[in-house]
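*Asks:* Dumping what Swiss-Prot says about this protein:
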BINDING   SER114, LEU115, LEU116, PRO117  (6S)-5,6,7,8-tetrahydrofolate binding site
Amino acid sequence: MKKEDLRIVYMGTPDFAVESLRALVEGGYNVVGVITMPDKPMGRHGSVLQPSAVKQYAVSVGLPVLQPEKLKDEAFLEELRALRADLQIVVAFRMLPEVVWNMPRLGTFNLHASLLPQYRGAAPINWAVINGDTETGVTTFFLTHEIDTGKIIRQRHLPIADTDDVETVHDALMAMGARLVTETVDLLLDGKTDAIPQEEFYKDAAELRPAPKIFKDTCHIDWNQPVKNIYDFVRGLSPYPAAWTELISEDGKRLALKIYQAEKRPAEHNFPVGSIHTDHKSYIDVAVKDGFLRLRSLQLAGKKRMNITDFLNGFKQIAEYTVG
């Protein structure tokens with residue numbers, strides 16, 4: 001079968017999923033429909049509906065779009081069957097019921113932003129950086145009953161530099177993933193379906209690191225950690241949702257502070273953990289047990305994000321605070 005004859009239904013929602021869809025469209029593959037989330041209410045009183053990034057791209061190139069509220073809704077399933085897909089591709093969408101992923105004759109494959117079986121879950125890029133990994137990657141795998149556990153089709157590896165954050169890794173994986181999606185389609189067109197069970201990639205489930213969804217409490221900095229761990233934590237949450245702490249004044253006043261960029265400065269010292277040290281012009285150092293975290297870009301609650309010089313110009317009393 002030629003790629004022009006293979007009927008593909010694509011499922012995805014955020015920016016990360018746009019690149020793979022674009023690669024399929026521009027590569028001449030036959031995308032017959034796109035499934036994405038319903039438009040999201042925005043603005044005051046939810047009066048404005050914001051379409052997903054995938055919908056915006058799909059509409060711009062004239063692709064049919066379906067936006068089901070419920071994936072088991074019979075009206076949606078009838079519309080999906082009418083597309084007569086040979087293959088479904090999922091990139092950053094949602095968990096599919098079997099009635100959906102088992103519909104096409106070639107099955108449904110997913111692009112996941114980790115080297116499965118590591119980092120199964122909703123936030124694989126964040127957790128790889130938070131944990132200080134020096135490598136991550138992308139995986140295509142067939143969907144099955146349990147989330148992120150299906151047979152692996154192909155993987156590509158990406159080094160993580162010590163200066164990378166979630167944004168840089170996300171963008172690199174987005175481009176790499178788009179290439180892997182088209183490569184995977186080509187393999188399936190050639191009849192090469194030698195997918196490998198994930199159990200062959202590890203000996204003990206205890207070796208596996210999860211990638212659970214990140215909540216606000218997840219992002220709170222623990223200043224009792226080593227400086228490298230805190231540094232990795234900051235870059236693993238930057239720019240979104242951002243690591244945060246509280247500035248605590250001598251009288252107990254607390255101000256929420258997001259930290260977007262920092263430097264790790266290992267050193268021996270006798271300062272209390274959480275104490276703040278600054279020249280009031282160009283740097284803020286927070287003492288931790290094995291050094292200092294030098295803050296580079298931050299944001300007080302209710303204020304805009306600032307570099308350290310601008311922040312110090314407007315916050316002269318910073319040294320009177322500690323962090324916690």
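Each Cβ is built from the backbone N, Cα and C atoms, and glycine gets one as well.
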*Asks:* Compute the centroid of the Cβ atoms of SER114, LEU115, LEU116, PRO117, then list the same-chain residues not in that set whose Cβ lies within 8 Å of it, in sequence order, for the (6S)-5,6,7,8-tetrahydrofolate site.
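*Replies:* For the (6S)-5,6,7,8-tetrahydrofolate site, the extra neighbours are HIS112, GLN118, TYR119, ARG120, PRO124, GLY137, THR139, ASP148, ILE152, GLN155, GLN198, PHE201.
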*Asks:* Taking 10 A as the limit, how many CB atoms besides its own sit near the CB of PRO117 ((6S)-5,6,7,8-tetrahydrofolate binding site)?
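*Replies:* Other Cβ atoms within 10 Å of PRO117 ((6S)-5,6,7,8-tetrahydrofolate binding site): 22.
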